[in-house]
Amino acid sequence: MGGAGTGKSTLATTVAERCRRDGRLGSYLFFLRGKSDPNSVIRTIAYRLAAFDQDITERIDGILREHGEITSGTLKSQFELLLHNPLHSLSVDDSDVPVLIVLDALDECGTAQSRIPLLRILEKEFSTLPPKYRFLITSRPEEDLIVLKSLPNAHVIEVGSALDNTKKDVDSYIRFEFEKLRLSKRLNVPDDWPWESNLKRLSEAADGLFIWASTAIKFVTEAKAYRFRRLRELVENDVKLTLEDLYVTVLENAFQWDEDMKKIFTTVLALIFFSKTPLVDSDIDQILGLESETVADLISCLRSLISYERGHPIRIHHTSLYDYLITCRGRSWFVDVDAQREIISSRCFDVMEKYLCFNICDLQSSFIPNKDVPRLTERIHERISRALKYICCNWAYHLQDTGYSQELSRRLELFVYNRLLFWFEILSLTEMFDDCVGTALIYAIAWLGNKNPKLSAFLRDAQMQASTYSDPISYSTPHIYSTLLPLTMNNSILSVHYASLANPAIQADYTGSKLQACIKCIKQPYGSASTVSFSPDGTRLASGSGSTICIWEATSGKLIIGPLEGHLRDVKCVAFSPNGRLIASRSSDNTIKIWDASSGEAIKEPSLVANGEYYAGSVTFSPDGRHIAAGLANGLIILWDIESGEIDGEPFEGHTRRLTSISFSSDGLCIASGSNDNTIIVWDVESRKMKSGPFVGHKGQATSVMFSPDGRNIVSGSNDRTIRVWDAFTGNMIQGLLAGVSRTDIVNAVAYSPDGLHILAAFQSGLIVMWEASDLTKAPKFFSGSHHPSKAISFSPDGSRFASASNDIRLWDISGGMDDTELLEVQTCSIQSIAVSHSGRYIVSGSYDSLICVWEVSSGECFAGPWKEHGSITSVDFSLDEKYVVSGSNEERVSLWNITNGESSKLDGPLSIPLCVVFSPDGKYVASGSYISGIFIWDVESGKLDVGPFGGHLDMIWSIAYSPDGKRIVSVSDDGAIRIWDTENGNLISVFDDHLDTASCVTYSPSGNHIASISNDKKLRVRDAESGEISCEIHTEHKGSVCFSPDGRCIASLSDESSISMWDAFTGDLIFGPLKGHLGPVNCISFLPDGKRLASASGDGRIRIWSVDDCPKFVPWKLRIDNGWIVGKNDELLMWLPTELRDTLVTPGTVSILNRSFSTILDFSKCHDGDEWLKVCFLPPE
């Protein structure tokens, strides 16, 4: 360990080279400022060890096969899987020679903050490796690295220019190298030249700095001629040369400094300094537009300053060269940081303009994924150079390093309007789309600011589309043109501009009102999401699921890091620090943890609170990032100092019950808090005293609070279903409204948009509502996509998007949303039952969320309702005259609803849960089959129980049906038996018990001569209604609903959970099917009276009308529910649908979707060979 230039790297490389010769160098890592990532150190060591030892290769290969992708894992898990486990699995022999692993210039690896997780591994884990593996670490004595000196198994050597032994080492080094030069005849020294005294002068000039000595030696050695002249110049200088003087000497002798040389040198060195990853010479040639070998020739003359080997990444020997070149203003070799960064950005656009083109890798078919394209790796190597790939991944980072200029804005505009989709291609082909596209576009938008609103809007739309369509683009490059463009042609600036590139063989049309605003749905493999938070730059999301934390790329939804384990119970809150480097989390295990956001390592755990108090509510960072605020179950608020992890000062005391939510004002001077005591309080942070409040008004606990961006107002939500806006200074309520959509719809979270113009609220029903902050009485926008509670929300920093946490994480565009609350209510939840009216004009539906609605078949609009029942709806039916609807619910209710006015009446009688309800054919009676108590029949006019209960079934009754003449009822039960009853007296007439399992559905044929039933044994049986003799048996793939066609010749049933087939009722032959389109289980099917159409209701919340008159026997394409791909008969990729469109798709055989105001209609009739997407010509608008 020692200061700059004291020879640490010289020692490390010398030792490493000796071990390499002896076959004992396992890994050598040299770190370079700005080019080294602490998170990749473990993986790089493992890679080098695998290259060193075949046995290690086999062990690591086996672990990777078992565990799959591990780059998103924490450093600790990577250490265990890639180093600890494989190295310990090797046989150990006491005679094994040590293997050296070198970490050179560790202080240059990342920042003090970003290398915290790596240091924890070095401190606590490396000593657990087998003893044959030894580590040599060099570093400057940085504050965070000094801790390594105290490790019990560490042997520390300190080097410094002021130490006598160091000066002696430098002197020996100089003498050794120059003697070697002279003896090898590569340095010819005159006999009369005072050799010893001049070497001493060199040693004195070096003054203990190895970097000085090393540079001087290389300066002399690299000269092909006149080496003695260079040595004499160093020695005979009248003034003692400092390191900077030495750099001057080297540079002056390297070139003739004309204007061309100045330009080439400064641009090349600038790119070496500012590149985001180390580059090789040929890459720099291409990026800067230089002739081939220009960089090689240049760097060859600078070997004393720069480490160079043809075809390998270039690095400078010492960071002092960078420090010198960017400060030596007035010198020919001065590197002007701002100017050179702008040149690099401009060159990025030059290269992309030159090389980006349509179908750069000559892909032929849009039907196959990238992984199946023949010779794709070779094509990429031939057509996408390393330099082009580097630029496509990093141009936005370079732009971000540059100040705004009109010229760069113009270059950006040209790129966006002419080459953007071709850039998408490069990222897709090189598997970098998910990692790069979102960050690049977000950074470009931020760089523009408000300077070019039109271009910013285009980029923001591109970022939205890239987010929605990242899955298909990453999987199959042609679907930039075969999915993204066709599907967004009517609502995307990007797609309108690039319309001529859309696959001409695919037609996408839409009917009805506009879509909602879901940009992305991120499935949660580790449980429902309980909390979510955007990073300050908008590129990442942190979420809590169960006891784990995940970090996601906020555009593509790709998991970057996680799941992070450490909490023992559910994570309740996550928050990014203002600089984005840390994440704080609170769990119901009574712990708060601080995580490194770049590596996922848990780096701190604030001290536990005394007196056994529990943490409660949210945790949040102060705006300056120095503190974390958290609430306690006793109502106190605590501030922690992040640096020390200790409580800072006295608690905030005033609430009388559990804390639920905390928010800092934007200036950090105040805290707002909400509590189970139903109040909100504003606190002064410095004094810890109450500044205003308690604010009284909520009738239930204040579940969420947040300051407005200007600090003047506070918004709060409560489980009393209200949203309130308060004056932060006076505590007066400014606005308030009853916001929930049901009697149980509490407010789980509220948030202000970053510009303060909108207020967002998340509800227990899953609904998310957005108001104008200036007037909550104005009609809000509604966002709905989940049937599960929306537990948390977070705005992106630019306010264009927000994220919600439920059973999944969804990203939303705030410019979308819906206005019609009634339509929204009826289209969200699983539909459990439907019934077709006798005229066929209407369909009534009952859903899991207690809603009953009557739909007009011809228009698809809600004709009556929605009506709210108590409990989930189990069954519905129409009366003969279509004036009434009967419903059953799981709160033991059978109710009659007047279609005209929506009035309802509960039928009297002893009840358990009615699983099925049905009107008699004449409409005068209602029958129900129940969970426990049997079958009941009511008189509709009086509402009184007429007959029942019918006893006989041994278990719950799943289905009943009237005979066409109304004299009999047939029923099926969990006991597997089919029973026929007399409706007048309830007497049992017949029992058929040939089903071997639970019978789930039964129905009479229109003639009354036959009964069809289906059971869990997946057998659909048609039998004589009198004798019970089975006339037809059909083997299906699923139980569930069954119905006869009006003419009695056909039977419809479920093919599997989500599809429908139709059979010949006499022969059992398949007529057509399966009909696919529902995304969830089909719960109920029913023919319309014309016999040409069939209605189905599903757990996806949709009612579909199918044509059975002209339904194709062969379905040319289908939607894969699991991943959204529409595939052809041979599984060729036709198109991919985002989550929001899947339940709107009019699939083959579908006539309409009743309870969806928006439908998607696709035409693939012109898709034959997969090469149709190539038949385009892009001519950008003037």
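Every residue gets a Cβ built from N, Cα and C, even glycine.
Per TrEMBL, domain 'NACHT' is recorded for 1-141. The annotation repeat 'WD' is assigned in TrEMBL to 564-605, 618-650, 652-693, 695-736, 824-865, 873-907, 917-944, 950-991, 992-1033, 1032-1064, 1075-1109.
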Contact set, same chain, for the repeat 'WD' (618-650): CB under 8 Å, 6 or more residues outside the stretch: 572-573, 575-579, 582, 584-586, 592, 594, 604-607, 609, 656-668, 671, 673, 675, 677, 683, 685, 688
Model confidence over the repeat 'WD' (992-1033) (mean pLDDT, whole number): 88
The repeat 'WD' (652-693) - residue tally per DSSP class, helix then strand then coil: 0 helix, 22 strand, 20 coil
Number of helical, extended and coil residues in the repeat 'WD' (917-944), per DSSP: 0 helix, 14 strand, 14 coil
Composition by DSSP (helix, strand, coil) of residues within the repeat 'WD' (564-605): 0 helix, 22 strand, 20 coil
Intrachain residues whose Cβ lies under 8 Å of the repeat 'WD' (824-865), provided they are six or more past its termini: 741, 765-767, 782, 784, 787, 818, 871-878, 880, 882, 885, 887, 889, 897, 899-900, 902, 1080, 1083-1084, 1086-1090, 1095-1103, 1105, 1152-1157
Residues of the parent chain within Cβ reach of the repeat 'WD' (873-907), under 8 Å, 6 or more residues beyond its termini: 832-839, 841-842, 844-848, 850-852, 854, 863-865, 867, 913-919, 921-923, 926, 928, 936, 938, 940, 943, 945
Folded-back contacts onto the repeat 'WD' (917-944), same chain, C-beta under 8 angstroms, at least six residues removed: 874-881, 884, 886-888, 894, 896, 905, 907-911, 950-953, 956-962, 964-966, 969, 971, 981, 983, 986
Helix, strand and coil residues within the domain 'NACHT' (1-141) as assigned by DSSP: 73 helix, 18 strand, 50 coil
Counts of helix, strand and coil residues, the repeat 'WD' (950-991), according to DSSP: 0 helix, 22 strand, 20 coil
